[in-house]
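Annotated in Swiss-Prot:
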{"type": "COMPBIAS", "residues": "1-12", "note": "compositional bias 'Basic and acidic residues'"}
{"type": "CROSSLNK", "residues": "122", "note": "ubiquitin cross-link"}
{"type": "MOD_RES", "residues": "5", "note": "N6-acetyllysine"}
{"type": "MOD_RES", "residues": "8", "note": "N6-acetyllysine"}
{"type": "MOD_RES", "residues": "12", "note": "N6-lactoyllysine"}
{"type": "MOD_RES", "residues": "12", "note": "N6-acetyllysine"}
{"type": "MOD_RES", "residues": "14", "note": "N6-lactoyllysine"}
{"type": "MOD_RES", "residues": "116", "note": "N6-lactoyllysine"}
{"type": "REGION", "residues": "1-20", "note": "region 'Disordered'"}
């Protein structure tokens, strides 16, 4: 064996890898989002590294916002588990999220709303 160091410890400590998500202080996977952005662009174009970090930060913020509002909706109904109904109430209750998310949520039900003209005044009686 001429000069090989295979299988021998050279004495240097191997540096632990730090993910781009932890560098950016995010929970969402920056590397995976970067890979998906590269694969989805036309003719596998170039995507900057900061684009993936920015996209991951946006997705994480929106997810946290929706989950917080849905958690509040489930807490108001005295339930411990978030259901699609709670997501629907949270998204449709917030004006900005409602404008952003136009999708139909399966199992979300309908938003309770009674038109003002259908509500009678307190002093009025129905005549038959």
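Numbers here mean position along the shown chain, with the first residue as 1.
Just so you know, glycine gets a Cβ as well, placed from its N, Cα and C.
Positions of Swiss-Prot features highlighted on the structure.
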residue	record	contacts (Cβ under 8 Å, 6+ apart)
12	N6-lactoyllysine	none
14	N6-lactoyllysine	none
116	N6-lactoyllysine	none
122	ubiquitin cross-link	none
